[in-house]
Amino acid sequence: MADQQEKTASSAVPETQPPSQTAETTTQTTATPAPEVQTEQTQPTESGPSAANTTTEQPTNPPAAEASKENAAPAPAPAAEDAPSEPAPAQEQQKEEKPADNKPEYLAKNPALSQLFDRLPTVLSNSGHDEMWGVPLRDSSDVPTVNVLIKFLRANEGNVKLAEDQLTKALQWRKQTRPTALVEGRYSAKKFGGLGYLSTYKDADGKETVITWNIYGGVKDLGTTFGNVDEFINWRVALMELAVKDLKMDQATSVIDYEGEDPYQMIQVHDYLNVSFLRMNPSVKAATKKTIDVFATAYPELLREKFFVNVPSIMGWMFAAIKVFLSKNTTRKFHPISNGANLAREFPPAVKEQFPKVYGGSAPDLHEGARTVALEEDNEPAPAPAAPAEPTEEAKPEQEAPKQEPAPEAPKEEAIKEALVEAPKEEPKQPAVEEPAKTDTAVTTQETVAPAEAK
């Protein structure tokens with residue numbers, strides 16, 4: 001029997017090859033109900049190789065071959081379908097990760113900063129100005145620009161919308177006011193002489209400390225200094241811009257640590273020596289309010305610490321009360337000192353020695369060793385021309401009138417001359433105004449109460 005089977009098998013090989021091809025085609029056509037066979041995938045995996053051998057030995061049994069081919073054919077099919085489906089999301093993840101890798105670390109760690117940079121083109125378009133503190137605002141690869149945006153973002157506690165609004169307003173204000181040009185201006189020595197100074201001290205490592213001094217006790221006449229609010233603001237802004245220049249933000253090479261120390265900040269000293277806290281002059285109040293509004297909007301996060309020196313000890317309760325209503329980030333910057341000679345103790349020894357003697361250091365007084373804005377003497381009394389302005393207008397039509405009436409012109413010209421002579425006489429009649437100068441402190445009082453300027 002075995003011999004007969006071998007003979008029949010050997011003789012049947014050439015005859016069965018065509019049917020095997022037809023069988024394969026039939027299996028491929030009949031393999032459409034593969035799902036039914038997939039339930040048995042584990043069993044045919046071992047029979048797969050044997051099926052190829054048994055096709056020649058058992059030609060009379062095509063269903064077994066068909067079953068094995070059906071099981072073998074669909075088995076790789078789902079693997080082929082599953083194979084591309086798995087790497088697809090991996091590729092998508094790589095595509096998503098690539099832009100994140102390309103971002104600088106300060107943007108990757110701070111999504112709010114990245115969003116603010118996305119809004120920067122709109123801010124520049126709406127404001128029509130692209131300069132802030134001497135820094136031309138560019139893209140996120142420009143370090144000085146990054147530091148400017150970080151300051152506005154920190155001032156608004158990470159709120160992108162609020163930071164965008166404040167940055168827009170600050171740029172609009174700079175466009176209208178042109179503070180960089182105010183630095184080059186000249187101001188009345190009579191009104192502002194001795195009231196504001198700027199110092200830059202270096203420590204042992206060469207690190208600079210920028211200090212602005214506001215000597216409110218030096219005001220001689222409240223009406224003269226604060227009467228013209230816009231003029232006072234221009235002088236105050238010019239002094240601030242000088243200090244901003246010394247911060248050298250436009251030369252920055254490293255990005256500010258959003259959660260760490262900001263090296264681009266200054267110290268402010270407000271001296272209240274001989275200043276009264278009891279009365280508030282209306283002109284002082286108006287100038288103070290305008291100053292706070294401007295500085296709160298246009299100079300955020302430029303203040304490291306603020307020292308109130310020569311403050312009466314009785315005013316200590318005011319600072320204690322203020323801390324209840326202000327954030328810790330703001331109140332930690334306020335330092336009231338009753339004796340100005342103790343101010344230098346708050347700084348390292350190398351810096352301490354550079355302070356004026358009156359503030360506990362070894363250097364000359366501020367008017368000798370510190371800088372200030374350009375001042376000029378008033379050759380003509382400023383308020384005097386304002387009074388005769390109206391009579392001169394009346395005189396003009398009379399001068400243009402026919403010369404038939406020369407008599408009335410003479411007395412009017414004399415009246416004008418008398419007004420010009422009397423005007424300066426009225427100023428010396430106000431020696432008592434020197435006392436109200438003490439009330440100038442009201443300016444700093446409000447500044448201490450208002451956290452806006454301290455930001």
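Note: Cβ is positioned from N, Cα and C throughout, glycine not excepted.
Database features (Swiss-Prot):
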REGION    1-106  region 'Disordered'
COMPBIAS  14-40  compositional bias 'Low complexity'
COMPBIAS  41-59  compositional bias 'Polar residues'
COMPBIAS  63-82  compositional bias 'Low complexity'
COMPBIAS  93-106  compositional bias 'Basic and acidic residues'
DOMAIN    179-367  domain 'CRAL-TRIO'
BINDING   Tyr216, Arg236, His270, Tyr272, Lys306  heme binding site
REGION    376-455  region 'Disordered'
COMPBIAS  393-403  compositional bias 'Basic and acidic residues'
COMPBIAS  410-429  compositional bias 'Basic and acidic residues'
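In this entry, Tyr216, Arg236, His270, Tyr272, Lys306 make up the residues listed for heme, with the farthest two CA atoms of the set 17 Å from each other. A 10 Å cutoff on Cβ-Cβ distances gives Tyr216 (heme binding site) a total of 26 other Cβ atoms nearby, all chains included. Look at Tyr272 (heme binding site): DSSP puts it in coil.
Per-residue pLDDT, averaged over the domain 'CRAL-TRIO' (179-367), rounds to 91.
In the three-state DSSP scheme, Tyr216 (heme binding site) falls into the helix class. Neighbours of Tyr272 (heme binding site), defined as other CB atoms within 10 A of its CB across all chains, total 27.
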